[in-house]
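Structure record follows, encoded as structure tokens.
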Amino acid sequence: MYLALLVIFLQCSELYTQDKVFTFNTVEIKVEPSFKVRNGAPMSIICHADISKSADFQLKYNFTIFKDRRLVFMTVSDTGDARYEVPVAKSSDTGDYQCTVKADKKTGSSDPVHVWVTGMTKPTLTADKRDVLEGEVVKLRCELPEEEPPLQFCFRKIKTNSTPRETCVPEPYTNFSVLEVSVEEGDNILQFDCFGRRNVKLEWEDSAHSNKTLVTVREPFIKPTLTTVPSSNVTEGDQIQFECSTVVVRMHDIEIILQKNKSILNSVQDKKLLRYSTVATLEDSGEYLCKVEQGGASKTTKLNVVVSELFPKPTLVASMTKLDKNKELILNCSINGFQKANFSIIRKNANGDIPLKNSQTLKMRVNVNDTGSYTCKAEVKGIVKESKPVRINVYAPVSKPTLSVAGGLPEVVLGKPLQLICHSVMGTPPKTFRFYKGDDVEKIVINDTYATFLDENIRLNDQRGYRCDARNNHSSGVKTSDILNVTVVVPVRDASLGSVPYGEVEDGSEIAFLCSVKEGSLPILFRFFKKTDNEVLLFEKIEHRDRAMWHKETMKRQDTGTYYCVASNRANVDVRSQPITISVILAAWKKGVVAALVLITIAGAGALALWWFLRKKKKAKGPSMEMSGSALAANLTSEKLARQPNDGDYYSGSGYIEDSENHMKSTDENKGPDLESAEVEYTEVEVSTLDPHRAPVQKGTETVYSEIRKANNDSMENRHSRISGHPDAT
């Protein structure tokens, strides 16, 4: 029963839950009276949620309103609307507003809406002083207490009958700004005001101007007075005195300065009067400035002074400006239209002027050291004037020049440029050098002591000599060098290496290497190398011809390898030949000795083997041979004697054995290597005891003989066939 009730309850709950379905259609923000509100007017931000439900049931709505992503308002409502009231709108209320609604685990958000509160509150301006002196500083403070940063404050300085001077200061973190303003000369009565400014959507919006603040300015001192004594008709040599004075409120820290062309002539401190005296010169003409300073205040007065000329500058005249050594020079100093003056002639020097004579005229016999600049001075009534300098050049004659090659030796490598140096030791610079190739002028150079010439057109058969000449402003004229003949060095080209014999040489014999070149100036250095890891130099020789030979008397097996030669001359260009390979082989007589030793060794080994074999065989058949030897020998001897006239190759058994041994020995001793190729066949002879009552059986003996004979014939045929095939058989 309880189980049934529980099931019914759960089913009802599920049906109830399924009936409470809702969804957010839209969430939006409205602004009253509009999205653009005047500063000070009331403003309402309304958030509205449009919801669809599956049935009529109640929901709790949590509203949150943000301004520029910062929370400004929260509320809970049973309806789909929430209202954020702003009684007095300010410019700080300008921004982007957005609304978020939460209901039963679901959330909806509106799009942001920009609200602009136009206009700003009026700022307030205060000054720390109302009565100041020129040069002092006034501190101003402009404030917008109801506005929020970032802001910009603009201060205005207002003078009578002039355009206000505006200074703007950005303030990113505060709603006020402080500015220090210097009171300048001429600022009698000043007014200041300010206004605020902010940036809204890339547009500047200004507030109304603040209250005006009045500041009274007093002079700490009056404008200075500048005078001269005498006041007019100032002539060179007159004593002139400058006076600069002022009236001050406070004497402390006051300073008076006299200037001309930004140069300070004199100055005084804590005084009301400045005096400055000098003897007037033409250079004293110009504008003078008297400046009075105290603190930050400054006032100036200008005066223009004209000084009349007492006499013009003197003129120095030389009899000659370019002259030879030991010639006479006359210098004369004069003033146009003025004779009564004290003259002096001076030579200019880097370490100081050198007075030569206190006179209007100077005569002197010059030397090279007298070259330099000369002036003269004239003095009238304490006024000294100097003439323009006159340059005097004294020349010593040039010496005979020498022409040489820059490298030292009078030669040049074909294909490379030739650099010549023409040098004249004596003579006053500047000197003019001319280079000749044959009779043709190749180059003209102006220098102090030497000149260089580069000839890039070098030919092999060019027989023209080089010379140069030098001259300066001396009257002696031109000096010419001796003719320089230059040898053209032809670099070595196409080196080649050969040898006799070529390719192979017997051990212990001699060889000759020949290294030659196709062309090149003599002498030529020939070097012979064997190619190894370290490139070993074997022989070198200097030849006055295009080839060199190197004899090596004894070649050894270790001399086998690759050889090459290198040729060079004064052109310092190494030319390398193609390498050749030399093989050192064994001498012919050494080959014969080695072959003989090998054959003797083989023959000795064969003889020893045969001896050992025969000895072993004799021991095995000794008893039977002793028993039947005499009868068999007699029988064989009789047969041999009976058949000897008919067949010379026939031998008896005992005769075979002896002849066979003798034949093998002679073969071993005389034939040497043929022993190895000889095929020796042995026939086993079976001898039985003879019956004295029976006649000898010759068939058996003939069979034995024929087999042995066959073996001998085969051996001889093989031997003769080998000899006939050898190259030395003839």
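In case you wondered, yes, glycine gets a Cβ from its N, Cα and C as well.
According to TrEMBL, the protein has these features:
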- 660-674: compositional bias 'Basic and acidic residues' (COMPBIAS)
- 707-720: compositional bias 'Basic and acidic residues' (COMPBIAS)
- 224-306: domain 'Ig-like' (DOMAIN)
- 312-391: domain 'Ig-like' (DOMAIN)
- 401-485: domain 'Ig-like' (DOMAIN)
- 491-583: domain 'Ig-like' (DOMAIN)
- 643-730: region 'Disordered' (REGION)
- 1-17: signal peptide (SIGNAL)
- 593-614: transmembrane segment (TRANSMEM)
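Within the model, the domain 'Ig-like' (224-306) shows a mean pLDDT value of 89, rounded to a whole number.
Remark: secondary structure over the domain 'Ig-like' (401-485) totals 0 helix, 43 strand, 42 coil, with classes taken from DSSP. Across the domain 'Ig-like' (491-583), DSSP classifies residues as 3 helix, 55 strand, 35 coil.
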